[in-house]
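If you check Swiss-Prot, you get these features:
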BINDING   Asp38, Asp64, Val65, Tyr156, Lys160, Thr191, Thr194  NAD(+) binding site
ACT_SITE  Tyr156  active site, proton acceptor
Amino acid sequence: MANRLAGKVALITGGASGLGAAQAKRFAEEGAKVVIGDLNEEMAKGVVAEIRAAGGDALFIRLDVTDAASWNNAIAAAVEAFGGLTTLSNTAGIIHPGGFEEESIEGWNKMVAVNQTAIFLGIKAAIPELVKSGNGSIINISSLIGMFPTAGNASYCATKAAVRIMSKAAALEFVDRGVRVNTIVPGGMNTPITANVPPDVLKQQTSQIPMGKLGDPIDIANGALFLASDEAKYITGVDLPIDGGWSVGV
C-alpha cells in the first residue's frame, strides 16, 4: 500500500538519527511532508537530503525540545512551509545510567527536561494545529523499562513511565477534538543511544528478548507509520510494545 500518509504533515523530534530519522524517511516514503526538529543541523540536513533525493518533501527546523519558544517557532515554520500540521512524533530522548545513589540532581533534571517536559511542551505547542487539521495524531516514544523498570536507571525509568501516563491523559483530553495520542514502547534497539548502555546491561537485556536480538529503527518507524495513518483512526491511548516479545516474558 502506497501513500498511506498522503496529505499528512509530520513534525518528528530527534529526526537527525536513530528512531527519528527512520520515521522521517518512512513517513516521506508514504507521502507525508516531513519536518525534522533537532539540534544536530548537519545530520538532520543529511536526512532531509536523502528524503528529497528519493522524491519526498522535507525540511529541517532547529528545535530545542526543552524550550517553549523553540517549539512555537518550529510549529510556525511547519505551518508556513506546508500549510498546517497533522502529526507530531515526540522521539527525541536521552539516556544515562545511574541509580538513586549515583544520579546527580543535574542529571535527573536534564533527563526530565528532555524525556518528559519536552513532550508536554510539544503537545502544548502543537495541539492548536493538530485540532485544526481535524484528524491529528500524536505519537510519543517511551521505553520498555518505563513499563518494567530496572535497577540502576532511576531517572530514565521514571521519565519513560511518565511519557506513557501523560500520553493517556492527553488521549482523554483531546479525544473529542479529533486528536489521537498513542505511545510506542520500544524494547532494545540498535540506535546511537544504545552506545550509552553498559555492555553487561545490554547483554542482559538481549538475553531476555524471545526473538534473541535487538530491534532496528525501521521496526519503530513502521509502528509509528501505522499510528499516524488513518488505518489507526479508532486507536487512541494505547501503549504499543515493539520489543521482540520481551514484554511477554517479563
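Backbone N, Cα and C define each Cβ position, glycine as well.
Taking the features listed in Swiss-Prot, we show where each one sits on the structure.
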residue	record	DSSP (3 states)
Asp38	NAD(+) binding site	strand
Asp64	NAD(+) binding site	coil
Tyr156	NAD(+) binding site	helix
Thr191	NAD(+) binding site	coil
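Annotation for Asp38 (NAD(+) binding site): same-chain Cβ neighbours under 8 Å, separated by at least 6 residues, are Thr13, Gly14, Gly15, Ala16, Gly20, Ala44, Phe60, Arg62, Leu63, Ala92.
Cβ neighbour counts within 10 Å, taken over all protein chains shown, single out Thr191 as the most crowded of the binding-site residues Thr191, Thr194.
Ranking the binding-site residues Asp64, Val65, Lys160 by other CB atoms within 10 A of the CB puts Asp64 at the bottom.
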